[in-house]
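Peer 1: Features from TrEMBL:
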DOMAIN    B:361-384  domain '4Fe-4S ferredoxin-type'
BINDING   B:371, B:374, B:377, B:420  [4Fe-4S] cluster 1 binding site
BINDING   B:381, B:410, B:413, B:416  [4Fe-4S] cluster 2 binding site
DOMAIN    B:400-430  domain '4Fe-4S ferredoxin-type'
């Protein structure tokens, strides 16, 4: 019995030793030299492997950061400026400052704003639905609501709101990696400047149909009336294909466009409640607290529809 | 032993409830909406403007490039607009709308029923006439016919195959054509044979249409037509009407991956297309109408209608007994490959082979269950692919592997989804993956 | 207007469904079950009942408390696993072992992989082999088919193995073996494996219902037959008649019901053939040279492990020939 035991132990230990020696030599032979700075750089990156920088994972980004002399074109959207600064300090290279961005869902077509005209019964995927037809509502540009964007998010930052049927972005968690932007077959999601204290003004619609068609399909769609373009003192708004767009680089957050938009397609987020003496049409509106989430904020002041109707009809 | 193709296939119930309804000429609509893109390839370039007067058969859109087709007015009247009009899926596509006034035809068109057998035109002239008439594959694929007939240099056609399979359940438009216009059809075969310079023509018909097989055999037996034409009865099996499957069933040859029928010496034309070729070449009649099967289990009067292109589909349903109360889904085409419509005011186009109404109960998909790896989709796939795998790869977006697994061979016949016991939407995802893989391949080839 | 349904094609669906397939398997097992009741009496009902109920219970408990999802009992797969497990047990086994076997089959064999469709190994066999290795005595003592003395009884395979080990030539063993009786089921063994004819009947039902294809059973039994024939022809004194191998032990049960399990068999036809031949050959190898008298359970489990590999490399016959066109 004892002998068996000893033999077993001896053989196993011997095997282990031989394997260790073989492994050592193999490892020596196939060794690949790698810049140790790559590992160090990678350690400074967030490690999310989201691909938001355009490289396959953080390792790819780290390699590029080490290899390129000029890294000003490289940017980690997840870690943002602090990460880039840390990396630049370590590598001794200059880095460009970039303003933090956030994903913005540009559709206000909630279940009550946009009537469903049919039921989609295929695979629960926006890509499948978009490839098939115009969608469940009269608006063929808006959110399909199957949540492809929520499934690609690595940061748990975008969720479907079952009440509105639209995705909502959690600004705290969003890293602006752009995964949802790519996943959305309708190109509704845009990366926009986060803005001072998160304040933003944007057109919450991507519908390029003519005004009358849009109006029929959705009560908060952009009808392309052009009032905002005329109102904007900074020439930040352009109108193309019946759709207004606010250039975040030019917008100075004066919010004049929000007030003139007849359908409430232009929204403002994270602004403090307007003071009562401002030219708000009714005090009820001013008292209304502004919603904190970006996507479905409907500051669409119903009171302004009066001017709206005129503008809209003129256009139609 | 009846012939059929080698791999896969399924056996849906055929439900040919409208098979005894003779083709009925449907009224000219009050307004016609004629889309400029009714075929595969580039949409036609509009050739009229608002206010123009047009006659039936006048060109209103000219082919844009090689793979495209002419569009003709199907009515006489005044053009009221050239605009983006919602199609069956609510997507806006360019179309010409015409307010109908009377029914005046372009004088060049021979509208009589007399059969003209003689055709002495050169192949080139025949193809030019077919192109001018805007003939496209009327089986539903709507591929421009003149492109199919233009044999690339170095390739040789040995056989013309006429597709009278109509393997889609419910549809009977081709079947009625074979019964009611057999002689014109056979002249069409002769014209196509002449255009291609072939001596052999096979008409493939499934054995669930014995009357059509008998009728065509009787006429051929009289010896009036080319001796190279014969009817091949086929064992009923979906998707035998697929071009590649039909060639395999009749000749035993399989088109290689990424290849065309011409690579195995065959050209396939649908029965409806062949009839349209006869009309175009012998009668100068462009495609202004087509036979549409309007059917459904609960529909009052399932019919086969000869409908002008541009007629709203809702009008057809009205004429066949009205919309039944319990209608869940309205399908443009057959139940296996047709498109469910969100907008039934969309017009009939060259590709509309049928309008099928399904009950709500039949329309809804059953709840998905986990894949049990039963391999039924693998056994059913007529292209020898692994649907369970490529569906999953599509979901994951692994396009390199999709290419290796030959996803681009998929003919989107729907056998996999049909047969899946777990009710998985296999084809929904495969279609996505296929489209994306094709895009990647094309981008690479463009480099 | 709003009830209009839009979905991608196809708009038709065949009449197959997972519960229907599983129910068909259960129906196909009824003849064999009836036969074992006929032979073993109420104890067969008792063991099968316990196995099915405990499989269902464990599946429900795991769904409810560990995976925290809706119950998956509706797919009937737990019933199938329970029945198959019971069929692989002796009729006089202790109920506690049946329950333990069910827990291993469902818990480790199936649910630990994520439930139906994801398991690598046939759950019923995982349960069976666990019991066989842990409780070899209880698992190999079968009640006599005569039903008189419910203690002893060796399976024909064990009997032959023992005899061959002691050097008895085959010619002397054969008179003690009644091949016809074995086909009908008058042999000792696990509950479900005794009635070869009843199992064949169930197999024919599954073929008619298109639940299984002929490929796997035929290739398993065929390769067993061919391999055993080669040995037999080489030395008829040392090796048993190939027909004996087909009728003995769990060959029929394994070939028709266990090897054909969808989840744990390959997808392509060629792959299924490779897999089935592997099972046949390994079974004979174990029976002839292995330590255990019966080897089909191990053979199936071993080949189960190769299925992902087979699926990866053995592709179905593609349309248009096998070689992809070069760009």
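Every residue gets a Cβ built from N, Cα and C, even glycine.
TrEMBL does not curate its annotations; it predicts them automatically.
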Peer 1: According to DSSP, collapsed to three classes, what secondary structure does residue B:374 ([4Fe-4S] cluster 1 binding site) have?
Peer 2: coil
Peer 1: State the non-local partners of the domain '4Fe-4S ferredoxin-type' (B:400-430) in its own chain: residues 6+ outside its ends, Cβ under 8 Å from one of its Cβ atoms.
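Peer 2: Same-chain contacts beyond the ends: 8-10, 12, 238-239, 242, 244, 257-258, 336-337, 365-372, 374, 376-377, 379-383, 385-394, 436-438, 440-441.
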Peer 1: Would you identify the secondary structure of residue B:416 ([4Fe-4S] cluster 2 binding site) according to DSSP, in three states?
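Peer 2: SS state of residue B:416 ([4Fe-4S] cluster 2 binding site) = helix.
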Peer 1: 10 Å Cβ neighbour count around residue B:420 ([4Fe-4S] cluster 1 binding site)?
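Peer 2: Here the count is 29.
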Peer 1: Taking DSSP three-state, what's residue B:410 ([4Fe-4S] cluster 2 binding site) in: helix, strand or coil?
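Peer 2: Coil, per DSSP.
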Peer 1: Which residue, out of the binding-site residues B:371, B:374, shows the minimum number of other Cβ atoms inside 10 Å of its Cβ in this structure?
Peer 2: B:371
Peer 1: Taking Cα atoms as reference points, rank the binding-site residues B:410, B:413, B:416 by distance from residue B:377 ([4Fe-4S] cluster 1 binding site) and give the first.
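Peer 2: Nearest in space to residue B:377 ([4Fe-4S] cluster 1 binding site), counting only the binding-site residues, is B:416.
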Peer 1: Can you give me the same-chain residues 6 or more apart in sequence from residue B:410 ([4Fe-4S] cluster 2 binding site) with a CB-CB distance under 8 Å?
Peer 2: B:383, B:385, B:390, B:430, B:431, B:434
Peer 1: Is there any among the binding-site residues B:374, B:377, B:410, B:416 whose Cβ is under 8 Å from chain C, and which ones, in sequence order?
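Peer 2: Sorted by position along the sequence, the hits are B:374.
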Peer 1: Using C-alpha atoms only, work out the spacing between residue B:416 ([4Fe-4S] cluster 2 binding site) and residue B:374 ([4Fe-4S] cluster 1 binding site) and round it to an integer in Å.
Peer 2: 12
Peer 1: Of the binding-site residues B:371, B:374, B:420, which one has its Cα closest to the Cα of residue B:381 ([4Fe-4S] cluster 2 binding site)?
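Peer 2: Of the binding-site residues B:371, B:374, B:420, B:420 has its Cα closest to that of residue B:381 ([4Fe-4S] cluster 2 binding site).
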Peer 1: Within 10 angstroms of the C-beta of residue B:416 ([4Fe-4S] cluster 2 binding site), what count of other C-beta atoms is obtained when all protein chains are considered?
Peer 2: 30
Peer 1: Measuring Cα to Cα, how far is residue B:371 ([4Fe-4S] cluster 1 binding site) from residue B:413 ([4Fe-4S] cluster 2 binding site) in Å?
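Peer 2: Residue B:413 ([4Fe-4S] cluster 2 binding site) has its Cα 20 Å from the Cα of residue B:371 ([4Fe-4S] cluster 1 binding site).
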Peer 1: Using C-alpha atoms only, work out the spacing between residue B:420 ([4Fe-4S] cluster 1 binding site) and residue B:413 ([4Fe-4S] cluster 2 binding site) and round it to an integer in Å.
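Peer 2: Taking the Cα atoms only, residue B:420 ([4Fe-4S] cluster 1 binding site) lies 14 Å from residue B:413 ([4Fe-4S] cluster 2 binding site).
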Peer 1: What is the number of other Cβ atoms found within 10 Å of the Cβ of residue B:413 ([4Fe-4S] cluster 2 binding site)?
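Peer 2: The answer is 26 other Cβ atoms.
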Peer 1: Give the number of CB atoms, excluding that of residue B:381 ([4Fe-4S] cluster 2 binding site) itself, located within 10 Å of its CB.
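Peer 2: The answer is 28.
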